[in-house]
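Working notes, structure below.
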Amino acid sequence: MQASKLINNLKFKKVIPESFEDFSVSLLTQDTREVIGGSIFVAIKGAKADGHKMVQEAVKKGAAMIIAQEKLTEISVPVVYVQNTKKAMAILSSFFYETSSQALRIIGVTGTNGKTTVTHIVEAIFRNLGEKTGLIGTMYRKIDDEILKTKNTTPDIITLQRTLNKMVEKGVSTVAMEVSSIALIQGRVWGIDFDVAVFTNLTQDHLDYHKTMANYEHAKSLLFSQLGNKYTHSGDSKVAVLNIDDPVGERFEADTAAEILTYGIKKEAMIKAGNIEIHSEGTDFDLIVFGEKFHLSVKMVGLFNVYNILAAFAAAYACGVESEDIIGALEKFPGVKGRLQLITSASKVSAIVDYSHTPDGLLNALETINDFAKGKVFCVVGCGGDRDKLKRPKMAKIAVEHSDYPIFTSDNPRSENPQTIIDEMLVGVPEQVEIPTFVNRREAINFAVAMAKPKDIILIAGKGHEDYQIIGDTKHHFDDVEEAKKALYLKEQRD
Ligand SMILES: CC(=O)N[C@H]1[C@@H](OP(=O)(O)OP(=O)(O)OC[C@H]2O[C@@H](n3ccc(=O)[nH]c3=O)[C@H](O)[C@@H]2O)O[C@H](CO)[C@@H](O)[C@@H]1O[C@H](C)C(=O)N[C@@H](C)C(=O)N[C@H](CCC(=O)O)C(=O)O
Ligand SMILES: Nc1ncnc2c1ncn2[C@@H]1O[C@H](COP(=O)(O)OP(=O)(O)OP(=O)(O)O)[C@@H](O)[C@H]1O
Ligand SMILES: N[C@H](CCC[C@H](N)C(=O)O)C(=O)O
Ligand SMILES: [Mg+2]
């Protein structure tokens, strides 16, 4: 696309110099590290760095035009001044990648917990129908079978539009996408034309960023207010899928112009579950869809996963998929890596690796395990550095109250001192309770495995699918599943 045509999509701007030699735009980027000849570089003022200070570097690498919101001097390429470069980036990327988001059916999922799980179930439902699918979230970006790495749960808008564009090229028709609260506030999904927006739940997380639960809720509500502002006459109205058992779900009804589809277990919902029986290998329940009852046996364990299944069912139902087709996929779905992932061993001690890194997630994981545990429950847990500190004493208290042997350790300490994080967890524990603590996560896992007896279960919480540990600025290889398997194997040899 020619630069002049692209920037014409910005109504309010000042271009200096006013006339310039037009060129074909090779790349639109906000990151100097990506710039190639013929790029347009968008200068963003971020939390850590300021793109305006890196413009010379971008030009040196071949940027042929700069979009800026602050005065730049001595720049040898045309500069387009706008009020807000983030907004300009959203507008330009949507035109640069043309029709991507309109050409796809996009299901956005937001909420504190369950986004990764729900998006994976939604993906499985549409794959089961023979469609090519896309998935964007915490673990990766997936275009049909191709897996691309990801830095954030919800990528920046340019990466997002680029990814959607590749999906269209590859013949993908439906995309399931996690939409984080931070992304909503930062405008990472501005201009994305969601067809269905799903709300899972809202409990404490990310207060380092949002400061209050009210701000956090407001951030999540943006997905619903962004949905369905314009009614199309094709009959495909936008749908907000809301967990009606969560008071926040009820409140979001007022935030959206879209049609509402409710799901729940406790309250009267359009899509409901009842007669729930949880066992160690799966869950049985009745699914009631507008009064019509189906019986389901799924491989996923836990009440919270029934909510995730209801959310995914409702999302697919909102797109017109038949109940029987959805159920077929749900009963086959094996679960998501690192979410209540069971590791058994000949020693009869089992480990469960779970991505519970919030108080509510940890409570749900422990309550589920307690429901079917026949021996004692161990809980190896830590809290991430440079993230919500208020989670620390709460998660510690939950571990102490809901497991027989809590053991505190490090998650991803990042720039923080790992012992300080553990000390902040200990604030949530009564003084007389002694907790074994290990800064080294491997030692904590080995200790739990050594202590455990046949029939005991060890929950290793917080890192799920992650195959790394971030200590300082370094990302070391570390995988809870690998560690648990190794420790359990050595125990078998010893005992
Ligand atoms: C605090 C925060 O949210 N930061 C996010 C934000 O960064 P930022 O805009 O503040 O960027 P910055 O690092 O200050 O840099 C400013 C500008 O300079 C540019 N730059 C920077 C360095 C350089 O050498 N060259 C260069 O051009 C950058 O590309 C950027 O345009 O925007 C970036 C692009 O969208 C994100 O990658 C980045 O996420 C960081 C890595 C992060 O850790 N974010 C976490 C808190 C986060 O967003 N988490 C959510 C929720 C997870 C969940 O609950 O599932 C997520 O969606 O991942
Ligand atoms: N519906 C739910 N309600 C409460 N807890 C849940 C729910 N679904 C999952 N969990 C818990 O939260 C953990 C993370 O689940 P998942 O990865 O699906 O959530 P997420 O919203 O994608 O998290 P993140 O914000 O880190 O991307 C799980 O390992 C489980 O312990
Ligand atoms: N999406 C979450 C992931 C937390 C995972 C946990 N292992 C940690 O590092 O704190 C976050 O960025 O807060
Ligand atoms: Mg996720």
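Cβ from N, Cα, C; glycine included.
Owing to the predicted nature of the structure, the values given are computational and were not obtained by experimental measurement.
Over in TrEMBL, the protein carries these features:
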- Gly111, Thr112, Asn113, Gly114, Lys115, Thr116, Thr117: ATP binding site (BINDING)
- Arg387, Asp411, Asn412, Pro413, Arg414, Gly462, Glu466: meso-2,6-diaminopimelate binding site (BINDING)
- 26-97: domain 'Mur ligase N-terminal catalytic' (DOMAIN)
- 109-316: domain 'Mur ligase central' (DOMAIN)
- 338-464: domain 'Mur ligase C-terminal' (DOMAIN)
- Lys220: N6-carboxylysine (MOD_RES)
- 411-414: motif 'Meso-diaminopimelate recognition motif' (MOTIF)
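On a Cα basis, Asn113 (ATP binding site) lies 19 Å away from Asn412 (meso-2,6-diaminopimelate binding site). For the meso-2,6-diaminopimelate site, the Cβ centre of Arg387, Asp411, Asn412, Pro413, Arg414, Gly462, Glu466 serves as reference, and the other residues of the chain with Cβ at most 8 Å from it are His357, Gly382, Cys383, Gly384, Gly385, Ser410, Lys463, Gln469, Ile470. Counting Cβ atoms from all protein chains shown, Arg414 (meso-2,6-diaminopimelate binding site) has 16 others lying within 10 Å of its own Cβ. Other than the site residues Gly111, Thr112, Asn113, Gly114, Lys115, Thr116, Thr117, same-chain residues with C-beta atoms no more than 8 angstroms from the centre of those residues' C-beta atoms, the ATP site, are Val109, Val118, Glu178, Thr200, Asn201, Asn308.
Across the motif 'Meso-diaminopimelate recognition motif' (411-414), DSSP classifies residues as 0 helix, 1 strand, 3 coil. A mean pLDDT of 98 is what the model gives for the motif 'Meso-diaminopimelate recognition motif' (411-414). Checked against ligand 4, the binding-site residues Gly111, Thr112, Lys115, Thr116, Thr117, Pro413 give Lys115, Thr116 as the ones with a Cβ under 6 Å from it, listed in sequence order.
On the backbone, the CA of Thr117 (ATP binding site) and the CA of the residue listed as 'N6-carboxylysine' stand 18 Å apart. For the domain 'Mur ligase C-terminal' (338-464), the DSSP counts in helix, strand and coil order read 46 helix, 26 strand, 55 coil.
The Cα atom of Asn113 (ATP binding site) lies nearest to that of Gly462, taking the binding-site residues Asp411, Pro413, Gly462, Glu466 as the candidates. Helix, strand and coil residue tallies for the domain 'Mur ligase N-terminal catalytic' (26-97), in that order: 25 helix, 16 strand, 31 coil [DSSP]. Here the Cα atom of Thr112 (ATP binding site) is found 9 Å from that of Lys220 (N6-carboxylysine). In this record, meso-2,6-diaminopimelate is bound by Arg387, Asp411, Asn412, Pro413, Arg414, Gly462, Glu466; the longest C-alpha to C-alpha distance in that set is 16 Å.
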